[in-house]
């Protein structure tokens, strides 16, 4: 009996110790689980916060990317507009340069024409002074029934011709009727005698200092391409003009006939 009682006591003691161990183990495990739960909750909250921050950053990045794309598109459109405006301005600038160059050319032509007009005026004044000195009042003659040819319509410059003057007198024109070799009457201030081997009748010249003239006559002393005799009304005026060189321009080449419709 003593042996059984001793065994039972040992068994009870062992059971109690086991229970105490299990209680302690459960307490330790419970404490560990609580700690692990706290740690889990802590890291879960941190993770959630980081996820929220990551989402915010992601959305912010998406907004930045969208904004950057929009800015790039706007810059692209702006650059295209600027390039178009630049090309347009470049074309307009080239057109303006062409217009300026054309205006410069026209200005030079006008200046040259003005200079020529001044020179013509000086020559005409000289002729008028010579006419006035001998008591002659020169007349103005129109070549065409419409308008007289302006100076800027003068054609090819022929060079300097040696010129003299003659009157419709019998001793100078070979008859007392004042008829030219072309069969037309001499028109003082308009008719010129030329060498018709070089200049056919009806040729129109502009002679600086004398004005527009028509080849209507010939003369025994008028030989060569660069020679003419200018018809005037007064002998003293012819002598006053004398023998001198004139700048001569070809306005219209004649056909050997005098077009009476152009004479006034």
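All residue numbers here begin at 1 and follow the chain in the order shown.
Glycine residues also receive a Cβ, built from the backbone N, Cα and C atoms like all the rest.
Annotated in TrEMBL:
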- 61-134: coiled coil (COILED)
- 191-251: domain '3D' (DOMAIN)
- 15-34: transmembrane segment (TRANSMEM)
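Counting residues 6+ beyond its ends, the transmembrane segment (15-34) has no Cβ neighbours under 8 Å in the same chain. Residue counts for the domain '3D' (191-251) by DSSP state, with H, G and I taken as helix and E and B as strand, are 7 helix, 27 strand, 27 coil. Looking only at the domain '3D' (191-251), the predicted model's pLDDT averages out at 91.
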